[in-house]
Ligand SMILES: Nc1ncnc2c1ncn2[C@@H]1O[C@H](COP(=O)(O)OP(=O)(O)OP(=O)(O)O)[C@@H](O)[C@H]1O
């Protein structure tokens, strides 16, 4: 019921306290993101990784704080429905002229649903859709930096323009040779602009904040000429002498998609108007959902909210059924999908067959570890949801039977919200991008026959990429635990990504061992493992038999990644990480590098 008069005295106080709670959250989030610049300038790589990890927790902490305050000062949970309506209207009033209204609405939802719980709240109390527009928000304060700057070079001044683009970031560390670097950037652009006529609107637009992640800082912008727009990104790194240099020039949507991949850690970006950044980035990557862009900027709760809205919208406009996901079923996860929707839904089973010795809590801890860790483009990000309701008539009966059998504690089938529709409510689930499981992808190549050159190439690329994926994980201090093909998937652009996290360990926690020499014939002839194995022992020599049954696969693997079967490979990486070394991970092809690092 829409209140005609805002006459509840507590309503404004509650709305204002909620807004204060959000503003405090965004101030802290932004400060931490802005500090990334200093950490980059001072080469504080461990600090950067720690901050990336810790910032993820900020949101939940602030929501909890706010809930506590509302309960203590206002007895918020005991307020009537009428008061809650008024709180929302006051809050909408406070959002006018706010610079992050969409995030503030989501914060309102998080706090409200915590206070009112599922049973009590109604969609009228929260923001199911945005109430306040994010279009054309500008920060008009005198000292405010705009979202992006425009530069108007001619053909002759391109070099000088890029020079000032970089200088305008005022990085407090010297470049080894910035003129050399900008010349390389212009050179890389040459093929794109040499033969085209430069139109009246020829310009370069550059986001005013740098994007920081791990050991890199990225300039992000676009080149506009006539009706054409070309996105670009310039990674800035430290060389061996501690001087800065531009490592590559990335152009086009595909390059940018790789940089902003869901399988990488979130960026640190100092933004007053995040929606304006999202809008700009969306113009660079029109196919990337806004949810993923918010995620990549570290605004994960907003990403989650938008994803869910997109999902409900998709459900309304589709008619297919949820089904058990294709591929080999998991022992700990029950995985299902909706064919028309490019994501999978994973729930933790209630019990696990041997040899799995794990618990729901341990599995959740591993998924959290991955969320907080640098995923180096090789581990899929997951969105975690609780109490998700799906329409029952969209569920395949076989899938319901599967959930009833393996995860009954997670399932409720009822009409909880009383709207006359039966729903399947899943207590806890992870949602992640759907990929083609590598075992299926390889099987496709085998089925075609490896004498077919394309099938052979598909197999070869998969095996090489699989090894590369493991090596990137190793560099990020991750031992995947279960390296079977089925635990990896192929993404849209042919990258291999890992998605089975229940046996993941830090590399530095593992003991890499050689298989001991048998002491007698009995041990030698034994088909079983006759030596004692402690929980964190890993025997790289033994990987082969599991992975390399196929001769053609074996040949490719041994040629490119034979070192993965060698205990020394693992041990050396472990020692370097223990000694404090942070490996570089490049979110672009090494061939794209200008190769200045060694100069
Ligand atoms: N992101 C994904 N895209 C496509 N298929 C997936 C994805 N995640 C999981 N699957 C499918 O679901 C199966 C089980 O998933 P997952 O490996 O996460 O479960 P698990 O129980 O941890 O497995 P394991 O028994 O190896 O421990 C996979 O083998 C694959 O077929």
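We number each residue from 1, going along the chain as drawn.
Quick reminder: no glycine exception, Cβ is built from N, Cα and C everywhere.
Curation does not apply to TrEMBL; its annotations are automatic.
The shown structure was predicted, so the numbers you read here are calculated from the model rather than taken from an experiment.
Taken from TrEMBL as is:
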DOMAIN    15-319  domain 'Isocitrate dehydrogenase kinase/phosphatase (AceK) regulatory'
DOMAIN    320-589  domain 'Isocitrate dehydrogenase kinase/phosphatase (AceK) kinase'
BINDING   325, 326, 327, 328, 329, 330, 331, 346  ATP binding site
ACT_SITE  381  active site
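What TrEMBL annotates, mapped onto the structure for a quick look.
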residue : record           : DSSP (3 states)
325     : ATP binding site : coil
330     : ATP binding site : coil
346     : ATP binding site : strand
381     : active site      : coil
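For ligand 1, the neighbouring recorded positions among 327, 328, 330, 381 are 327, 328, 330, by Cβ distance under 6 Å. Of the recorded residues, residue 327 (ATP binding site) and the residue listed as 'active site' place their C-alpha atoms 20 Å from one another. For residue 327 (ATP binding site), the number of other Cβ atoms no farther than 10 Å from its own Cβ, over all displayed protein chains, is 15. Residue 329 (ATP binding site): 13 other CB atoms within 10 A of its CB, across all protein chains. Taken as a whole, the domain 'Isocitrate dehydrogenase kinase/phosphatase (AceK) kinase' (320-589) shows an average pLDDT of 93 in this prediction. Sequence-distant neighbours of residue 325 (ATP binding site): residues of the same chain at least 6 apart with a C-beta under 8 Å from its C-beta are 335, 336, 337, 344, 434.
For residue 329 (ATP binding site) paired with the residue listed as 'active site', the C-alpha to C-alpha distance reads 20 Å. Neighbour counts of Cβ atoms within 10 Å were taken for the binding-site residues 328, 331; the minimum is at 328.
Under a cutoff of 8 A between CB atoms, and with a sequence separation of 6+ in the same chain, the neighbours of residue 346 (ATP binding site) are 330, 333, 334, 335, 382, 429, 430, 431, 432.
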